[in-house]
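Q: So that we are looking at the same thing, I have put the structure below in structure tokens.
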Ligand SMILES: Nc1ncnc2c1ncn2[C@@H]1O[C@H](COP(=O)(O)OP(=O)(O)OP(=O)(O)O)[C@@H](O)[C@H]1O
Ligand SMILES: [Mg+2]
């Protein structure tokens, strides 16, 4: 259960000295203080709020919907604050009695920082306009005095992060098929963002931002850091690097150059987490194993060694061939050279084939090439939870989350 008193630390640390990270962003929609090489169409706060098809809730309504933000209705806690479970009438969208109407997730920002407000606004700007089965649905928002809240569809199975890294007895490990299906759903969400229709760079792809509905359909959430994608071969040049340490692409961290391929790198990290059941960064491990990508890379292309990376809880559920294909996909996404990373459509295709291949094998009851017994099982410490944060010169900003997110079914 979250204490919900955490403070999101987002110190300004321009990559390029002398740049004013806030220039050009005040009052507009540019959440990150980035200066882009392509002109986007800035809209004022009023325009964003007016043009969205979202419900504007009063603070009182959300207070009533969440039973005064009761601590036992906390679904989880992120860098911005707590997420609460609430109920509204599905037609009038007015507060409803618990257990009746429609379940919602209410994210309450606990800090009145400029940055918090900007990310709140960016979320509304993007999710107010983008609709896709693999993007979490934003229902509305609240802007009243110092209160900033966002109201989402409720995702009953919580985040992928909870499922992969929680070792509580009530959390069943995700099967191989479900993991590949979740990766595929996430890739489809990303494909929509990268498409010409949306032209968005997500910038915050990570396991905690992949949420699961009651049937384990996965949807991307949290667009506070998203950017309108540049066209052609151009890239954004950020004055500050935003994202989450462990997931951000090396060239983006080094130079602030943001392209769709930065998202593909983050996807590779998530895929590796899915395959291994290990966190991108895990400080509880011996030093050479703390960074998942660095540790896993040498094993991923080897028939003999790939099982050392795979989650021990998946044993017997996949063939060596499929393990190698999945590992190879992760390797491609994690290429240091962005050009060598696949496009998102290629990712979708490859994951579809992987899912089909395992389905076929299961239906044939094939005994072929089952994985050998492995030597280690992964363990993860909830203390190592990371949060979206500003990344500066490869160092993680300190942004502890005192509590992990409980699962709600
Ligand atoms: N729509 C939702 N339905 C159900 N649970 C949700 C929903 N949105 C968020 N949560 C839960 O709340 C937790 C916190 O979400 P939040 O987006 O605030 O932070 P985060 O993604 O964990 O971290 P960060 O602040 O670094 O992005 C999630 O991990 C998830 O367990
Ligand atoms: Mg999130």
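Using the three backbone atoms N, Cα and C, a Cβ is placed for every residue, glycine included.
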Q: Among the residue ranges 15-46, 47-78, I'd like the one that TrEMBL describes as region 'Disordered'.
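A: From TrEMBL, the annotated region 'Disordered' range turns out to be 15-46.
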Q: Which whole-number mean pLDDT does the model give the domain 'Protein kinase' (69-354)?
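A: The answer is 90, the mean pLDDT of the model over that range.
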Q: DSSP three-state call for residue 107 (ATP binding site): helix, strand or coil?
A: strand
